[in-house]
Amino acid sequence: GTSRQIPQTIIIGVRKGGTRALLEMLDIHPNIVVAATEVHFFDWDENYVKGIDWYRNLMPFSYGNQITIEKTPGYFTSPQAPGRIHDMNSSIKLLLILRDPTERVISDYTQVYYNRVESHKPVQLFEDIVIKNGVLNTKYKAIQRSLYDVHMEKWLKHFSLDQIHIVDGNTLIKDPLPELQKVERFLNLPSRIMSSNFYFNQTKGFYCIRSDGRERCLHESKGRPHPLVNSTVLEQLYSYFREHNAKFYKMVNHSFDWH
């Protein structure tokens, strides 16, 4: 009695915002099934040309009362993704998880740094990438990805605000349950995720998941220690994002506790 369904909900981003944690936590819910990998259907042309049946075949099997969710953080910053997703299903519900934009930049750098170290490639200090000739390098991709107002504008051309639920990534890490209950309500699902589904792992410094008698934590690549960043550079980042954040708050009628 199961079949593969095109997702009724997509986690569209943002990269290093907590998309994997959100997906894993939602997977606890009996009415949710999740795609195992990031599909990159709507942001990579070479996948999009393969067509909707190719996309559906990458989804898990589900029952009629279950919602299929996939997550690809690259969608949020992709120029093509909003229109393509709208063409597939104009009434889809979207989940967007965001965190403080400066923290997100540092986390983005940290992931790339470790990937380069593991591949024996040369690495640069955070400050040497972010500051060029004494000024902020606003062309740095990680900074571009944190301009939430710029990207959100593209989504709001295709979807109404009530189709996009914003999850606070900073809160999800500290206290997962209230954020997940908001998602349950947004998706019109019965409340099934409980505080007993989480326990704080002192070693890792974040919450892990307990369900079906099993305990699991996010992969060791998650929650890596960030480099200590020069306070002057931090201030430059805070200052640069301040105006963009204010625009974003206005756009979504909601304020966040960001620098």
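Quick reminder: no glycine exception, Cβ is built from N, Cα and C everywhere.
Straight from TrEMBL, the features:
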type: ACT_SITE; residues: Lys16; note: active site, for sulfotransferase activity
type: BINDING; residues: Lys16, Gly17, Gly18, Thr19, Arg20, Arg99, Ser107, Tyr207, Lys222, Gly223, Arg224, Pro225, His226; note: 3'-phosphoadenylyl sulfate binding site
type: DISULFID; residues: Cys208-Cys217; note: disulfide bond
type: DOMAIN; residues: 7-244; note: domain 'Sulfotransferase'
Neighbour-count leader, CB within 10 A, recorded positions: Lys16, Arg20, His226: Lys16
Count of other CB atoms lying within 10 Å of the CB belonging to Ser107 (3'-phosphoadenylyl sulfate binding site): 22
Inter-residue C-alpha distance, Arg20 (3'-phosphoadenylyl sulfate binding site) and Cys217 (disulfide bond) (nearest angstrom): 11
10 Å Cα neighbourhood of Ser107 (3'-phosphoadenylyl sulfate binding site): matching recorded positions from Lys16, Cys208, Cys217: Lys16
Alpha-carbon spacing, His226 (3'-phosphoadenylyl sulfate binding site) to Cys208 (disulfide bond), which is rounded to whole Å: 20
Lys16 (active site, for sulfotransferase activity) to Arg224 (3'-phosphoadenylyl sulfate binding site) - Cα separation in whole Å: 11
